[in-house]
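Notes follow the structure.
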Amino acid sequence: MGDWVIGALINIVGSVAINFGTNLLKLGHDQREKLSAINNSEGNDKFVPKSVMHFQTWRIGILFFAAGNCLNFMSFAYAAQSLLAALGSIQFVSNIAFAYFVLNKTISVKVMVATTFIVFGNIFLVSFGNHQSPVYTPEQLIAKYSNLVFVLYCMSLVFVVAFNHYLYRSGETIISNSSKDAGTYWRTMLPFSYAVVSGAIGSCSVLFAKSLSNTLRLTMSSRYEFHSWFTYSIVLLFLCTAGFWMARLNEGLSLFDAILIVPMFQIAWTFFSICTGFVYFQEYQVFDTLRIIMFVLGMTFVFLGISLLAPDDSKAADTKDASSATEESVIDMDRNGKMHMEETQADGSNSFVTSVKVKAKRVLLKAKSACSMSLGLGEESISASSVLAMPMVSSRTTGFRGNDRSKYVPLRTTDWSNL
């Protein structure tokens with residue numbers, strides 16, 4: 001049995017564990033809300049709900065979630081990045097199985113069709129993907145950064161990010177100053193450009209994770225010293241790109257309707273993760289015409305299945321009231337933060353140092369909020385937030401409801417827009 005088989009199996013188990021853990025996190029939140037609702041209905045005004053960490057279901061979920069991420073990290077040392085990035089979609093199948101057998105949910109025909117596409121897509125990806133699993137030395141990894149093809153890819157990635165960011169900012173301006181018809185068109189373009197920027201940068205964390213996993217494997221099998229400037233540089237880059245992805249993921253779920261942003265996030269993350277692995281590790285060298293066609297076909301099946309799993313408009317509308325309340329609180333919080341920043345800047349006579357400190361504090365608070373939501377610690381939580389496997393995402397905070405044009409405009413006071 002080749003190393004790539006071991007890596008694929010470890011990755012599948014890890015993805016299933018991540019999904020199982022995040023479903024348990026969701027159950028923990030549901031149990032907490034149910035307990036609060038029971039006490040409120042009984043007129044117990046003095047009841048103070050416990051933190052979600054006191055619920056055993058939530059604690060078990062955290063263990064599965066952490067174990068799944070560790071397994072996914074290990075898997076990158078044994079198999080190609082392009083193969084493992086695509087295999088992460090297997091958690092959508094496990095999520096459906098969990099909903100049917102544990103939560104007793106009814107599975108619709110649309111979901112079954114989507115699952116079939118994902119399963120067949122993964123079969124094509126595993127059968128015709130890259131089955132090599134070389135171990136690279138740090139010198140070889142460093143040399144790959146100067147490879148002409150990778151340099152050109154990075155330049156094109158910078159262009160894609162810059163163009164889509166410009167598109168996003170232009171769309172904000174157009175929507176705020178134009179009619180409803182223009183807003184309807186940008187209703188799709190805004191989340192698309194947001195997801196592309198997030199996926200293009202955030203998926204680089206997979207590249208750095210694979211490099212770290214490769215270095216650890218090399219350390220365990222030889223006398224290579226793990227402590228080096230290259231290792232710490234990769235760790236820093238991994239934390240930066242992973243943090244960016246986590247923050248954008250959580251923010252995107254609060255800015256846009258889940259029916260749009262969820263499949264866009266998932267497709268962008270998977271696509272750029274596969275492309276980066278293809279180019280950096282030169283995985284394309286082992287592909288002939290047949291394997292390229294079948295691999296692309298498998299990716300198409302997976303993306304089509306993910307798109308079919310997008311939530312229905314009727315279901316999404318159920319969270320409109322909660323969404324409005326959450327948006328108002330976020331806007332108020334951002335306004336207060338902005339007023340505080342302006343006061344601070346005035347007192348400091350527009351000092352550059354003061355401005356940097358204020359902005360750094362806001363970014364740190366945002367990062368803390370993103371991490372809390374990712375682990376299910378906040379009031380609003382997502383179903384999964386692994387940086388090594390594209391999460392099966394759901395959100396209670398969704399925008400773009402109804403026909404009010406203001407709903408089509410993202411929160412313009414968001415921190416990322418001010419950076």
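Using the three backbone atoms N, Cα and C, a Cβ is placed for every residue, glycine included.
It should be emphasised that the depicted structure is a prediction, and the values quoted were computed from it without experimental measurement.
Record features (TrEMBL):
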- 6-25: transmembrane segment (TRANSMEM)
- 60-78: transmembrane segment (TRANSMEM)
- 84-103: transmembrane segment (TRANSMEM)
- 110-128: transmembrane segment (TRANSMEM)
- 148-168: transmembrane segment (TRANSMEM)
- 189-209: transmembrane segment (TRANSMEM)
- 229-247: transmembrane segment (TRANSMEM)
- 259-280: transmembrane segment (TRANSMEM)
- 292-310: transmembrane segment (TRANSMEM)
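Remote same-chain partners of the transmembrane segment (259-280), defined as residues 6 or more beyond its termini with a Cβ less than 8 Å from a stretch Cβ, comprise 80-82, 85-86, 88-89, 144-145, 147, 149-150, 153, 157, 187-188, 191-192, 194-196, 198-200, 202-204, 206-207, 210, 245, 249, 252-253, 299, 302-303, 306-307, 309-313, 316, 390, 393-395, 400. Just going by CB pairs under 8 A, the stretch in 6-25, 60-78, 110-128, 189-209, 229-247 that sits most against the transmembrane segment (148-168) is 189-209. Highlighted: of the candidate stretches 84-103, 189-209, 292-310, 292-310 has the greatest count of Cβ pairs under 8 Å to the transmembrane segment (110-128).
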